[in-house]
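Just below is one structure, and these are the notes that go with it.
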Amino acid sequence: MARLKMQGCWSLVALLVVALILIQGVEGAKEKRKRPKKNTFIVNSAPINFSAPVSEAPALFTSTTYASVSAATPSATPPTTAFVPQSMLPQPTNWMNLVEPEAEVVGPLNGGGDTPLCANVVGLSAGQRKLCQLYLDHMPWVGRGARAGIAECQWQFRDHRWNCSTFQDASVMGPIHNIASREAAFTHAVGAAGVVHSVARACRDGSLSSCGCSRARRPRDLRRDWIWGGCGDNLEYGYKFTQGFVDVREREKTHKRGSREQGRQLMNLHNNEAGRRAVIKKTKVTCKCHGVSGSCSLITCWHQIAPFREIGDYLKDKYDGATEVRVNKRGRLQIKDPRFNMPTANDLLYLSESPNYCVKNLALGSMGTYGRPCNRTSHGLDGCNLLCCGRGYNTQKTTIRERCDCKFHWCCSVECRTCSRTLDIHTCK
Amino acid sequence: MAGAILENLSGRKLLVLVSILIISQISCFLIGGLIAPNPSSADIALASKCYDSGNNTDKWFYPRGKGQCHLLTQDDMKKLHMANQIVFAFQLPLPRDNMILDYSRWQQNLIGVLQFDIEYHEEALMAEKTLVTIDAKMAYRDKGDKDDDWKYYASSRETRTLECTMKEKKAGYYYSCSIVPLFELGSLHHDYYLLDLRLPVDDRSKMNNGLGQIVDIWLVAINQNGGFTKVWLSLKTTFFPIIVAIMIWFWNRVHQLNRPPALLEQMLLYLGCSLTFLNMPLEYLTLMFDMPYMPLIGDIRQGIFYASLLSFWLVFAGEHLMIQENENHSTLRAYWKHLSAVVIGCISLFVFDVCERGVQLKNPFYSIWVTSFGSNLALGFIILAGVSAGIYFLFLTYMIWQVFCNISTKRSSLPSMSGARRLHYEGVIYRFKFLMLATLVCAGMTVVGFILGQVSEGRWKWDEDIELEYTSAFFSGVYGMWNIYIFALIVLYSPSHKQWPQDAANIFAIADQQSMNEEIEFSRLPTEPSEISSLTSFARKTAVD
């Protein structure tokens, strides 16, 4: 644990961790330092930002202790408001804005210095800008990860009223991020997951030379370390890097304890962590026997990263089961409804109800569902009834020509026939 | 064989010796567990997709360094029109912590395993079993060479079976495909390696026609850890001179007797020799020379050791049957029926090993398991070895059972025997029981250790701060144990000077005389092993008188 040394810039992150310790108390910090340890962070250890007498294991909290906490201050929860003036909100920008200048960042790799690139990206916070300069070669991969996250978000929400639409500004996700809703929780998680996925992958194809050997048994000099015990998994590097880069923007600000801003900060940190853990949770372990004559007296195992779609599906499940929380006076999060189970570090949290996505409200960031195609026969969310919010739909008969009976040939060709068919397209009024 | 040191050692001395051996055993286990890292580690590399404009099969494509290849993205791949234009390149080892790492010769060997990420598409379905043809080429480079100075190492066109299944068929998900073992390098002599793979398509021979949409290829490169090699070699270097010294001492002692060495003494010497061969730290040579045949030598060394250990057990049990008397000298030839099982088992394993590892010397991409004929042949040899192991153990248990039967009949008739005869039989029984106990403990510990290792997935934790590498501890512990076991056998079963006076006939005569008078007292003497030494000392005393 203590042996897992953070090097170089990690000391910067460590400073921020110290700041966090001041906010959250020593138990939380202990938990935090344990987390990057291989295998242990896969286990559902207690989330750090929960108000709880003991923060060791979630099983220790019973719903009764929780009920007593929230019963004591039932009226403290503010009523959910439908509209929050934008000026009050602290985060108009988003680091995911790195998606856009990605092409530029690939170019000059003059390693650190005060490159204008990092300064030009609007979405970055001060700490992130510093990390951007330090890890300039990581930025294309961070951008790629963010893009993958957004694409996954759009795929997962393709038949929801809110379809993860992006805006052409520094906020990327639009004003929707200002509301501490389930949707914001999902985007934070999927963005963090995208970066872990992308950085871990980049380590493995040799594009990032600074990926560390995660084993810290013999840390004096690396060469010996690598020869002595080999290098560990790069997933841990991806996890740590993302932890530093994504969480820094939440940690560099201090808010009044118990304020709504602080609650939002804790919520974002929690959801980022949930996203990172989703990548680790979805890895598969594969082993190979290579003992005498191929026997299993000697066996080596490794982690295999899951396709990002699988991680997206997992996070979507977590979105469906997200827990509503509120911030208490002590500056911790607690469950709003004590009947629900304690969320683990893998679960998503949100502070306020989602706005109405049926109608267009640009101030809120809702695009409305007008003009969205829907499925007339479906009873699910993509069904015309639900998607159009009861406004009804238009039907249009069209004939489309499409590829059919396709046969794929490695590597690069797909042989298809063209078929045409007539179908009804329904769009929301 | 009469009068081994074991019988003449006083209980206290034996206790001291045994506890020293146990302490050294524990230290072997701890050296492996606390100092050594895991025996091997895996480095996972993602293939860089290089673009080959023509069909430049002689050119080397590498993703890093000067003269690197043109890298393709996923979208670029769709625009290509020939499968041979994609070269999956792996440049090993991967850079870390802003350093370009290189392989050390301490890392001994390299095993390459491929993993395919194949995306599910309705258009690109894959059969459960698909044959993949891989054109593989390998090159190496050493420190100080130029970035583009790759030298040819090996190449081959290999066909492997890829088994891909899918539980829930969703677009964007990957098939879960079996791993494909690709190559095994017996020596890691060079600093950098490059592996270029192509998946050529030929419609006429249906080559690679069943492949789905391969998104990525991963190479898992497994090498022995340098730290483990160092600890392992230092264990070997410690045991090697000790066993050699004890063998010289033993053989000297045997030659001081005025009789030819008995069969068991010869067997002990064979056993010591095979262990010395196993202990010989030949691995030091790999630091200087390229020795790809090292794994084969290692397997042969291990095979010879096991063969001699198994034969020793058989002969030991046979020599303690107590049917024939020590007059006629038995030879190894008398045991040919029993030993044939050992010989057949070892030879079949040896042939299997030569088929696999021997061919790999020529072609590191070769595997006997790929073709059905080869895998049947390999399976045949392994089954043959297994059957002979079964026959051997049946034989051994039968013989041990016979010995125990004889022991019980002898024991009932012990009181009626003359003193010297009794001493002789008491000694035989004691020696046999001691070895049985020691062997059972050693074999049991090996088996239990192995099972524990499999159950606990190779990782044990007793404390947050003490991390014990269980696999390494198991290996060094077992290795140390068999060394200590054989050391103890050679020491304890070497002939004792004390019980071998100049005139052997004399003692018999005196003992016979004594036994007439002291029959009652003798019969009261317990037959417990620890008491034997006092018994023999008593006998000696009478002899001196």
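Yeah, the Cβs are placed from backbone N, Cα and C, and that goes for glycine too.
TrEMBL labels come from automatic prediction, so no person has curated them.
From a predicted model like this one, the values you see are computed outputs, not experimental measurements.
Within the model, the domain 'Wntless GOLD' (B:49-224) carries an average pLDDT of 88. The annotation domain 'Wntless GOLD' is assigned in TrEMBL to B:49-224.
Summarising the annotation, TrEMBL assigns domain 'Wntless-like transmembrane' to B:225-497.
Among residues of the same chain six or more beyond the transmembrane segment (B:14-36), those with a C-beta under 8 A of the stretch's C-beta atoms are 6, 227-228, 230-232, 235, 466, 468-470, 472-477, 479-481, 484, 487-488, 491-492, 530. What TrEMBL records for B:14-36 (among others) is transmembrane segment.
The transmembrane segment annotation in TrEMBL covers B:231-251 (among others).
For the transmembrane segment (B:263-282), the residues of the chain that approach it from at least six positions outside its boundaries are 1, 233, 236-237, 239-240, 243-244, 246-247, 250-251, 254, 294, 297, 301-302, 304-305, 307-309, 311-312, 315-316, 319, 329-332, 482-483, 486, 489-490, 493-495, judged by C-beta separation under 8 angstroms. For B:263-282 (among others), the entry in TrEMBL reads transmembrane segment.
Per TrEMBL, the feature transmembrane segment maps to B:303-323 (among others). Long-range neighbours of the transmembrane segment (B:303-323) within the same chain, counting only residues 6 or more positions beyond its ends whose Cβ lies under 8 Å from a Cβ of the stretch, are 1, 262-264, 267-268, 270-271, 273-275, 277-278, 330, 332, 334-335, 338-339, 342-343, 346, 349-350, 353, 392, 395-396, 399-400, 402-403, 406-407, 410, 425, 428, 431-432, 435, 439, 482, 486.
The annotation transmembrane segment is assigned in TrEMBL to B:335-354 (among others). Using a Cβ-Cβ cut-off under 8 Å and counting only residues 6 or more beyond its ends in the same chain, the transmembrane segment (B:335-354) has close neighbours at 296, 299-300, 303-304, 306-307, 310-311, 314-315, 318, 368, 378, 381-382, 384-385, 388-389, 391-392, 395, 399.
Outside the transmembrane segment (B:430-453), and at least 6 residues removed from its termini, the chain residues within Cβ reach (under 8 Å) are 4, 6-7, 313, 316-317, 320, 400, 403, 407, 470-471, 474, 477-478, 481-482, 485, 488-489, 492-493, 529, 532. Marked as transmembrane segment by TrEMBL: B:430-453 (among others).
According to TrEMBL, the transmembrane segment annotation covers B:473-493 (among others).
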